[in-house]
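Presented below is the structure to which this report refers.
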């Protein structure tokens, strides 16, 4: 009997020992310094020895923002005319000849692989092609490459009036800055649109800047301009005519064309029956 009790006790001991070996260490919300130190060892993940723990704590990935398909950046396009336009615009913005390599790198258009595009560019009347150096250059209407060039051009045109800014815009990429510099120095006069952009450029001729007496300027400033409604009457009282009178053209009234009467010759037929009265019914003779 005692031997049986000893076997039962030894069995229970072995059972308790196996139970302790199979218990998992469950991490709690708070850790002590001792646990911290133990977790730094090579068996730190033994309590949660899974693939996820091995690979690292892979938190739930945030949802990817849906990206809808957008139009691709086609750059210069694939159509020959759009590519030609892109190259010409690049040459227009460049102040000098451009090589084929420069054109290709800046516009993404390889004109060497498209003979039709090359021919159109080389034969364009606004493009200068140098066959020796294989360069292309935009040919503006007016050759302006500096501030002095613009001033010289306006001086040569002073007797013809001002010059439209839009006609000069393609001549020089820095034209806007040059205009503002010359206007600030008082060398040119600029007529601007409602947005403040240059519209017409004039040379400010010093010969036309006549000195005026201060008294005359005061008299000029003191003149009161009548209201718009009273202005025609005041002009009439002063013996002056408005511009409407000068510009009005007398339009002659169109003459009514009368139809011409033509004397048509009437050919008379059946002259051999002139002695018979055809208005009466025919009554045969008995």
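Glycine is no exception: its Cβ is also placed from the backbone N, Cα and C atoms.
Unlike curated entries, TrEMBL annotations are predicted automatically.
Annotated features in TrEMBL:
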type: REGION; residues: 25-76; note: region 'Disordered'
type: COMPBIAS; residues: 40-51; note: compositional bias 'Polar residues'
type: COMPBIAS; residues: 66-76; note: compositional bias 'Polar residues'
type: DOMAIN; residues: 68-145; note: domain 'TFIIE beta'
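In the domain 'TFIIE beta' (68-145), helix, strand and coil residues by DSSP number 33 helix, 10 strand, 35 coil. On the 0 to 100 pLDDT scale, the model's mean across the domain 'TFIIE beta' (68-145) is 83.
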